[in-house]
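Trainee: Features from TrEMBL:
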type: REGION; residues: 1-22; note: region 'Disordered'
type: TRANSMEM; residues: 32-56; note: transmembrane segment
type: TRANSMEM; residues: 68-89; note: transmembrane segment
type: TRANSMEM; residues: 101-120; note: transmembrane segment
type: TRANSMEM; residues: 132-153; note: transmembrane segment
type: TRANSMEM; residues: 174-191; note: transmembrane segment
type: TRANSMEM; residues: 211-233; note: transmembrane segment
type: TRANSMEM; residues: 271-292; note: transmembrane segment
type: TRANSMEM; residues: 304-322; note: transmembrane segment
type: TRANSMEM; residues: 334-356; note: transmembrane segment
type: TRANSMEM; residues: 368-396; note: transmembrane segment
type: TRANSMEM; residues: 408-428; note: transmembrane segment
type: TRANSMEM; residues: 470-488; note: transmembrane segment
Amino acid sequence: MLKNTKMNEEKSEIPKDSSSDRPNLKGDWLNFYFLILLYTFQGTTTGLSYAFPIILQNTKFVTYNDQAILSFVLWPFSFKLLWAPVVDALHFQWIGRRKSWYIPIQFLIGILFLFFGNNIDDWLPESGKPNLSMIVCVLFIINFLAATQDIVVDSWALSLLKKNNVSYSSTCNSTGIAFGLYIGSVCPILLSSEYFCNKYLRLTPHEGGILSIKSFLLFWGIVFLFVTFLVIFKKERNKELEEEDADPLKINIIQSYKLLWDIFKIKHMKLLLMAILTSMIGLSTSESVTNLKLIDAGVSKDDIMIITTAMFILKMCLPIFVTKYTTGPKPISLYLQLMPARLLWSIIFALLIYYTPRIIQDDGVVPTFHYLLIGFVFAVNRIMAQIMVTCMVAFFSRISDIRFGGMYMTLLNTVRSIGWVIPNTSFLKMVDMLTFSSCSNGVQNSCSTPYLENICNLNDGHCEAVVDGYYVEVIICLVVGFVWFAVFKKHLKFFESKDRSHWLLDLNRPGNA
């Protein structure tokens, strides 16, 4: 436990709960839009990591195991807790606690975008196997920087907005990240597609897309560098907080890690983290594999991205309309109400995947009614998912201690991220493992290895899936999801009912338990 002076003891007193103050963005609108901008840039970097699985799957030169390797680029978001205390403790006072990190990180991301753009044509050829190693390496570094930036922005949001408006940070997060994900994932795919541009954007057909992936990366590299310069002139703290806390509590790196451990020791914290960590297992297959299975079923990547565009519009607009529910006193209750419906919706996804190859015509044309059906199924799922994410982030913002916002928010968001990426990678790898095939020529051949697949093809046959691993995973996730709901429902409602002071660190209380 920290040894504090009398002055620090006064500062370590638990802040009064201001949850009774009604949210009002008057005088806070500029900060509100500024946070949306910051989260948009975060979403743009992450969006690239969602775009490349679609791009690579369309080339037909990658396996689901390759896709699992590519999914590792998102893992820095799951381990950012390891360096969050360093981000919270080290800074230059004359620059600012948050800008000391945000400015150099944003600059480095811009440089990496330019480097990526200069080499992408060599790493992703029009024909032949892509250079997966280099693509994974660069995306991993970009996401490592973006994860660090995420620590900074999450904690910055707690001090940039007024106390009674802190719950709006979840709206900024959801809207900005969604817009950024759209820019980073959908735009490079659609704008580089000759089919999409000629059908929807051009009056006269031309070869190639309007914008190549290379041009997209170079353009956003320049934008990142330009915005880095503008952030220099932004004030760090809300005037209200500047008056109340002109001299924030100062801690070194060792103390910062000790405080992180003290957060773990808060009563009920371990159980809360366990609930968050396991909350996405039941939803993993429908969220991570469905798009790739639709492409395998015959739907083009361009059509997938058109549908995804509509989903991103929902993601961007929905938080604004549901703010009054997610900023209310019981966001977790709303989260729990939606969980059973979202779990059951995975069955609808499975039926959609099953019937899609049977509906697509022999010439590969997807009927219009089926596009509408796909759009409807995805839209319902996206509405539920976005509301649930916004509810969870709103709860995180409410219980986080503003004095150690970087560590506290990062702890909660990191656990949520781990609960997503590990099942995501695992279930992508398991698709091939749980798929059992046989050769169509009648010869006893399980097609379980590339050699056996080649033997089947040489004998005028082709490998057919007898049991598709995707459907096996849907059943597994459904069972696990409802078990999670039965175990943690009462606990989460209890956590929501606890006063905010329960989750704050009292530096004078031994053990913080």
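Going from the start of the chain as shown, residues are counted 1 onward.
A Cβ is built for glycine as well, from the same backbone N, Cα and C atoms used for every other residue.
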Trainee: Are there residues at least six beyond either end of the transmembrane segment (271-292) with Cβ under 8 Å to its Cβ atoms? List them, or say none.
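Mentor: Non-local partners: 53-54, 57, 64, 67, 71, 264, 304, 308, 342-343, 345-346, 349, 352-353, 381, 385, 392, 411-412, 415-416, 418-420, 423-424, 426-428, 431, 470, 473-474, 476-478, 480-482, 484-485, 488, 491-492, 495.
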Trainee: Count, for each of 32-56, 68-89, 368-396, 470-488, the Cβ pairs lying under 8 Å from the transmembrane segment (408-428), and report the range with the highest count.
Mentor: 68-89
Trainee: Would you say the transmembrane segment (211-233) and the transmembrane segment (174-191) are touching, if the rule is that at least three C-beta pairs must lie under 8 angstroms and be 6 or more residues apart?
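Mentor: Contact confirmed: at least 3 Cβ pairs fall under 8 Å.
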Trainee: Might you confirm whether the transmembrane segment (334-356) is in contact with the transmembrane segment (32-56), defined here as three or more C-beta pairs under 8 A between residues 6 or more apart in sequence?
Mentor: no
Trainee: The transmembrane segment (334-356) and the transmembrane segment (470-488): do they have three or more Cβ pairs under 8 Å, with pairs 6 or more apart in sequence?
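Mentor: They are in contact.
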Trainee: For the transmembrane segment (101-120) and the transmembrane segment (368-396), decide whether they are in contact, meaning at least 3 CB pairs lie under 8 A, counting pairs 6 or more apart in sequence.
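Mentor: No, the transmembrane segment (101-120) and the transmembrane segment (368-396) are not in contact.
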